[in-house]
């Protein structure tokens, strides 16, 4: 018990020290270290962007040799999260748990889960059905819930910049002009929750959490990704030569990791797993995350 408490306290302090950069935080609930409360920012370029999501955490006696128990306090509309109880379907909370994982890395995995739904292995079958049948409705509802329960700002309209160039033979200056166009979001019926905003923040086990394995969806390795810094030629060559998954790189980049560190970690994992022909483009998410955090 003493060694567990020492580790948990150190993990909390480390997370709090970096919270201004990572936007991930952990607080104690009560006087012991059994019940905690975590929070993280919704991932960018997703319906959850701009929201802050709170999670109830229960630390078992045998931690870290036994997985953490978690459920969402903030209501979230997602195929792998129960819209009623906040129960989470994520592999590292059950079969894929490893003692090297920490409170912070588990919260990072939850953050990643929000932008990588697995509707074929759902926690909430009704949400998964909407995700598969009407993606626009799903995203509108998820965004609406994020505004209602996670504190995201409400935007009534989206502004798009439409460039308008002057004809070459015109007497007007050849400099391009930009016209601002108001684009209203399509009206889509959103699904309202049938219960209150928050679940009990300390009672994780009472929600009958079904921690069934949920894997991250495979993406097209050739899909173009967008990062603020872009890739230099050396990085592009490494991605191509080692057949790295571009969407997976983008996923970790959006979580705040350095591009060179991500690519280096993925190459190291490929080599260490004896994949000389680079046939396996998608490396397990938990393995990359562990390499980046060590």
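Positions of Cβ are set from backbone N, Cα and C atoms, glycine also.
Straight from TrEMBL, the features:
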type: DOMAIN; residues: 3-151; note: domain 'UBC core'
type: ACT_SITE; residues: 89; note: active site, glycyl thioester intermediate
type: REGION; residues: 157-229; note: region 'Disordered'
type: COMPBIAS; residues: 158-179; note: compositional bias 'Polar residues'
type: COMPBIAS; residues: 194-218; note: compositional bias 'Polar residues'
Where residue 89 (active site, glycyl thioester intermediate) sits in the secondary structure, as DSSP reduces it to three classes: coil
Neighbouring C-beta atoms (10 Å sphere around the C-beta of residue 89 (active site, glycyl thioester intermediate)): 23
DSSP residue counts for the domain 'UBC core' (3-151), split into helix, strand and coil: 59 helix, 28 strand, 62 coil
For the domain 'UBC core' (3-151), the mean pLDDT of the predicted model: 95
